[in-house]
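What follows is a set of notes on a single structure, which appears directly below.
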Amino acid sequence: MNNDKKRSLEFVRGLFRNYYEAMGNKIYQPSKFENREFGYMPFHQKIMIRHLRFRNLDELLKVLKREAPMHVYRSAAIYHLPTAPMEEKGWLGAELIFDIDADHLELPCKKEHDFNYCNSCFEILKPDEEICMNCNSGEITEVEWVCGKCITAARDELLKLLSFLEGDFGLNPDNMTITFSGNRGYHVAVHEDKILRLNREARQEIAEYITASHLDIKAYGLSENLRPLHDLPDYIDPGWKGRIAKSTYQILARINSGDEETINKLKETLPEENIQNLGELLYEWSEKPQWSLLNLKTHSRGGKRINQLSVLVSLALQISRSQIDTVVTTDIHRLLRLANTLNGKTGLLAGVIKYDSIEDIEPFEQFLVLPKTPEVKVKVVNAPEFQLGGRRYGPYSREVVKLPANIAAYLICKETAILAS
Amino acid sequence: MTYSDPYFIERLMMEFPFLQQMREYIGSFGIRLEDFAEPGMERLVEKAVSRVEQALVHGVRASYGTGAKPSEEEILSYPLSIALVAMLEDSYATRRFATVEAERYSRLFEKIDPGNVRDVLYFVAREVLRMDVKLSNPPYEFRIHFTDYLRYSVKLNEPRFKLVNRIMDRGYVPLRRPEMLTIIKNALEEYIEERLRSIGRIPTPDFLKPHVERLRNALETRRWRETEQARSKIPLESWPPCMQALRQRLLAGEHVSHFGNFTLAAYLINIGWETEQILQLYAQRGDFDERIARYQIEHIAGKRGGGTRYTTPSCRTIQTHGLCIEEGRLCGGIKNPLQYRRKPGGKEKR
Ligand code: SF4
Ligand SMILES: [Zn+2]
Ligand SMILES: [Zn+2]
């Protein structure tokens, strides 16, 4: 690592240390503390230190103050022997965990704000360029940016997730910990007794339920040969059955109001005159879904024979599933970021969010917890315009700027700035 | 009247003797083996021994105790059967016996007077298997908590048992009667196996020694036949390269995808390996969960679920999952790994 970078990270680390020294015991304390595995990623190293066990929060805090790590993790699982190698830990159960990351949502803004740059000449490259076109160097840094749209989209997925957990799974919000990831998303950890012993396969089923994968619409009576009316999805039905009815109605409403995104998506498969007719069906659907009116065989734009009903329902599934990262949910040994610690990719706090304040929270204001002072001069390689702590900054492109400590830390953590000498 | 009402339970027990048997499972720790040494008990002992023997040798095709009303003898000899299985101290025997018993019980459920089935299933689910279950209205007569549901449904591979294809209402999954029966059968199997294990060691009293010996022989016979079958199978050097590679990775503890596991298991079953042998191969891994692996393998073998045995995925499919070796150049344009024919020397077999 070159010296400027090292010095910059050491500056951030100092801010982290001050924060942990001043914060007292605000760190989140998972239940069965002594049975958890902890781990952390030090600054200046690429190897995680894990298989740690602490008897209480004070012991952990001591380490955080001493090491001021870049990232702090704890196991979702509880173990008989948290410090043993994985096979010998003695798995006793694990919280049911969910990770929502804007990066997985394939948002159009990603292309606009993510970028790469060349480590030797600082040329800015597109996200998919892996060789510098200026100096042919292959040493590239990839920068993933986050914007307001990213965070809003992630929050929408979070809200959908919570409606699954509460409505379908009947889980009590009091037994959930919801946190901002400190970067681009949200985490939910459910610690209800009943779910702790669920094995990997069971968690896979839960993840598939929430993402509607392998959902067979025939199981809900929707095929070309419709089941009798009383058995078909209705708005009042629980689970996916009701959700399918409600979100199909939503699709019809969107078509009716001329929503371009929906119409364009449908245009990929359905002929245009069909789509217009669909918008008109909204009224017939107001009391009760009228599935037979959608059940129409037609030819897609590519000439393939398709069923209009299944096209609509699969779009309905897409808008109502929650796009969790299924790998995280099914991993019963997963380490996840310890809530209320600092995220070394941003310097923001991975803070706990109250269930009833999710919609009001502005993570980029609320969780900017590092101090503004001292102001420091940084060389910024590149940064789209961004908003932090209620103020706008940038855009910057290969320039030296003087910034408050927390903003400078943000850019250094994002690996797009270093301290100016 | 509630279902935990002792009077109700007594009545149920009287009407359905197999529930009585199930209760014997619970009480069987306390049996006095010496009682069976008394003169005149030979018939009961023989009954108990042959029950275990049949289960070991014939598996679910065993034909004992299929009548709706077990005889007095059958009920009385039952605890001894269980003790005998424990004396064998063999996990294979335990598992096999549990499978046979669960199968037998679920056949008995089908013979109950239809008017009572609902109550009996509810009783078994709640009082024996300790599930969080509620009664509800037809066609979904039962509602069981998703955690209980998932524990057993993950072993079933019909799409309709997937959670995403079920209604989920505030944590409960509504089930029709036959679906509930399927879940109960799977749960019973686990339950019985657990009970058998928890009995622990029972020293064999002298009067039973010859009988235990006889059962051991039955067990050995069974095992020997299985390995005998295995010997005639395709030797490792003649497996197609993709399968050799999968096995290699498995043994090295490297990550093998779900599809990879499925493919290898399906291949092994199709070249005639028994579940036990495949399990032994998988057992080398740290993340091995025998029960899950067993169910999965038995699924692929068609012993569970719909009863269809899976064929090995085609080379094309294996290729799309990136598991084919050297784009099939070593395999001479075959379509399925089962068609691979090559001797260790590299010469075509056929
Ligand atoms: S061609 Fe078929 S058998 Fe040969 S390695 Fe590829 S997948 Fe395996
Ligand atoms: Zn360059
Ligand atoms: Zn964005």
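For all residues, glycine too, the Cβ spot is worked out from N, Cα and C.
Annotated features in TrEMBL:
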DOMAIN    B:235-325  domain 'DNA primase large subunit C-terminal'
BINDING   B:CYS242, B:CYS315, B:CYS324, B:CYS331  [4Fe-4S] cluster binding site
Residues with Cβ closer than 8 Å to the Cβ of B:CYS315 ([4Fe-4S] cluster binding site), same chain and 6+ apart in sequence?
B:CYS324, B:GLY328, B:CYS331, B:ILE334, B:LYS335, B:ASN336, B:PRO337
Tally of helix, strand and coil residues over the domain 'DNA primase large subunit C-terminal' (B:235-325) according to DSSP?
52 helix, 0 strand, 39 coil
Average the pLDDT scores across the domain 'DNA primase large subunit C-terminal' (B:235-325) and report the rounded value.
79
What are the non-local neighbours of B:CYS242 ([4Fe-4S] cluster binding site), defined as same-chain residues 6+ apart in sequence with CB under 8 A from its CB?
B:THR263, B:ILE318, B:LEU323, B:CYS324, B:ILE325, B:PRO337
Residues flanking the [4Fe-4S] cluster site, with Cβ no more than 8 Å from the Cβ centroid of B:CYS242, B:CYS315, B:CYS324, B:CYS331 and excluding those residues themselves:
B:PRO240, B:PRO241, B:ILE318, B:GLN319, B:LEU323, B:ILE325, B:GLY328, B:ILE334, B:PRO337, B:TYR340
